[in-house]
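Annotated features in TrEMBL:
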type: DOMAIN; residues: A:17-437; note: domain 'DUF112'
type: TRANSMEM; residues: A:6-29; note: transmembrane segment
type: TRANSMEM; residues: A:41-64; note: transmembrane segment
type: TRANSMEM; residues: A:114-136; note: transmembrane segment
type: TRANSMEM; residues: A:143-160; note: transmembrane segment
type: TRANSMEM; residues: A:166-183; note: transmembrane segment
type: TRANSMEM; residues: A:195-216; note: transmembrane segment
type: TRANSMEM; residues: A:251-277; note: transmembrane segment
type: TRANSMEM; residues: A:354-379; note: transmembrane segment
type: TRANSMEM; residues: A:385-405; note: transmembrane segment
type: TRANSMEM; residues: A:412-429; note: transmembrane segment
type: TRANSMEM; residues: A:435-454; note: transmembrane segment
type: TRANSMEM; residues: A:466-488; note: transmembrane segment
Amino acid sequence: MENLSFMMVAFSPINFLLAVLGVAAGIFIEALPGLSATMAVAVLVPVTFGMPPEAALIMLGAIYTGAIYGGSYAAILVNTPGTPAAIATTFDGYPMAQRGDGDLAVTLSTMSSMVGGLVGALALLTLAPLLAQVALKFGSVEYFWLAIFGLTLISALSEGSALKGFIGAGLGLLLSTVGVSVIGADIRYAFGSQFLLGGVEVISALIGLYCIPVLIDLVATPSAHLEPPEEGRGIRFGEGLSLMWRGKFNALRSAIIGTAVAILPGAGGSIASLVSYSEARRTSPRSDQFGKGEPDGVIATETANNATVGGGFIPTFVLGIPGTPPDAVILGALLVQGFRTGPEMFTTNVGVTYTFIGGLFIATLLMLPIGLLIGRYAFKSIVSIPKALLVPSIAFMTIIGTYAIRNNPFDVVVMVVLGVVGWVLSRYGVKPSPIVLGLILGPIAEQGFVQGYLMGNASGSVMGAFFGRPLSLAIIALVLLSVLFPLWRAWRTRSPKETANGH
Amino acid sequence: MRQTRFKTWKLGALMGGLLSAAAIAGPAMAADAGSFPDHNIQYIIPFGPGGESDISARLQQKYFQDITGQQLIIQYMAGGGGAVGWSQLNEMDGDGYTIMGTNLPHIILKPMGKDPGFKTEDLKNFFYFHYSPDALIVKKDSPYKTLDDLIAAAKKAPGSVTVSGSGTQSANDIANRRFESMADVKTTYIPFKGTGAAVTALLGGQVQAEWGYTTTAANHKDKVRMLAVAADERHPLFPDVPTFKELGYDMTGGAYRGMAVPKGTPEDVTENLSSLFQQINQNPEFRQKMENLGFVLINVPYGDVDEFMAEQKQAYEEVARSMGIIE
């Protein structure tokens, strides 16, 4: 019960206030397209130096929690995921907003994020040391297969044509090779430009590929951006609650997937939310509605990506290996405060650790009232702002956001070029999601493959390295399942309307 | 493609300023008018947040404010293993209010043989403040108890001992090459993206050893053991770990970190910055914190930088030649 008393420290008025401030700041920063959770946390780190370590950690955790959730606003209302973790939120969130259910989508995202956040924090509280050991079992080869698994999900997620999905993924893979390679230090596709040496930054590609086409369409079509809601409608709390209840198993499964994937350093949120999305679709009785504004789609991705917050702290605290980029910043802040991660976090420094986890719970719970409040205004303002104001404001934010990631003006050029290319490609059926996935998964697959090959060579058996470990075999089985399942289902139903099958 | 200069550090400064004003820590600004610095300094780290360059800069932040009453605003400009930042440094304002972290051996190795957009001698380094000594690390339960154990295993079956490290043609890669040629062994070096991934591979038992730093070992103290450290003396945190020198291998080196200003910065301002950071380096609390994290402090002020760089350059050129990076 001592631990409980440490957790109660988080409820002291000042810590509580910091959590409120942190959540609100995180939501605001992340709701603007392009300002990422990593940046929100990094900017606020110096502010926390003057605070006692508990307060500093609570504030950083709250900012992070708020930011991951806040990313869903832009995904739902502007079709632009603020973080890779919110990609899948656009699949159903934006169609919901387009047909006038943006308020419901935001409410659902708020509730789901809270559920996901609670499950992730609970795992951090109870299972951290155990789960961290699982994370260590994941080697280069497993990361390679995991990336392949992620790429096979593209076929499942492609609207209409799997072939076009793979064309997009191929383009993304190609883009991911630009710059100095990690292994071998070769310079690839830089065309003599010092700016291209740094490669294509994932977030700027995200902003370009998703946001620019929306802007072009806004200008090109006379209709309103989103369907205005009926008058006098509130936040549709009751409706959201009943949809959540209907999707409770979906939410729970997604939260568990989110936590589990987040403990793998480097793989993180984007894979977590995709896996839970495709699982939700596979098991849903309404799977043909996914991609057209199915509430369960929003529930799945938003529970999963907020579960990654708690999940990502597991390797950060237990192993000193950051699970996600924002975790790396928080780990740095911990070291500067004089704390060392590892078992000490659960022995000598147990007070700080449990106060932090307590703070994470508070921040997650606070997300509900604060999120519903801010979300309502975000929705209202996006719907009511005239187009002539909306388009330049979003355009301005995309440029600032892209520039701010690496303080690199060239990223803005890349963002705009990719946006225009993405707009043209999407007219021919190549959607942005496969491109971005290729870009994210490409380096994971490449590095995993080369490392696995080198290790296999050293041990004398390359085949053994790739096919000899039980964990690899399990992931290979998943790969086969995700490739074969749609084929099997197509064969079984043989419905003539098969073209309408999914997203 | 050349960009017009964007004067946009202000965004970060604005955000940082607003946020810190909102926070509790509102320090009383008590700087004399006319003295340098009279406003905040932008400190650009050409890597992402959370790494050792970031952490050591974050530690300087507090003491800089104590001494000057002004803040060091840390910004990140990641990409190309630092090249994106360094290639743009000399186009920034040379008024002393913009400084950038520089790293050895990166700034020496990158321009060798190819063009990363900057030259080693174009960077105006004004102070080198510490280094993380290279260290050969194994897991606590490894059968290699000493460096000799590992060498014997590598001699027995050349290439069978796998060693992880961060990046190719990096400090770790170079350390491994130097070690291989001195001990006359052959290992399999496996590059990872960053020290974090390299140490994960070691902890997960995927590789038998890792080239890391004393800082890596300090961070994972309970799980790893260092076989030897490439420093002149034993590190105070690890009095039982021998140096390579003691074991008969003339190896010292690691990742050195310093700071540079844009080329146009006046000499007196540069001198001023150098002495400010030297003051930070002498603060006992700062020294203790750095040491606890595994760093080793050094003092290379502006006046000595040229000589220091020349020595380093010569040392790395030899290795680079043997690695075939340069002719």
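Just so you know, glycine gets a Cβ as well, placed from its N, Cα and C.
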Contact between the transmembrane segment (A:195-216) and the transmembrane segment (A:251-277) (at least 3 Cβ pairs under 8 Å, separation 6+): no
Result, the transmembrane segment (A:354-379) in contact with the transmembrane segment (A:385-405) (3+ CB pairs under 8 Å): no
The transmembrane segment (A:435-454) in contact with the transmembrane segment (A:6-29), cutoff 8 A, at least 3 CB pairs, sep 6+: no
The transmembrane segment (A:354-379) versus listed stretches A:6-29, A:41-64, A:166-183, A:412-429: most Cβ pairs under 8 Å: A:6-29
Chain residues outside the transmembrane segment (A:166-183) and at least six past its termini with a C-beta under 8 angstroms from it: 151, 154-155, 158, 189-190, 196-200, 205, 425, 430-443, 446-447, 450-451
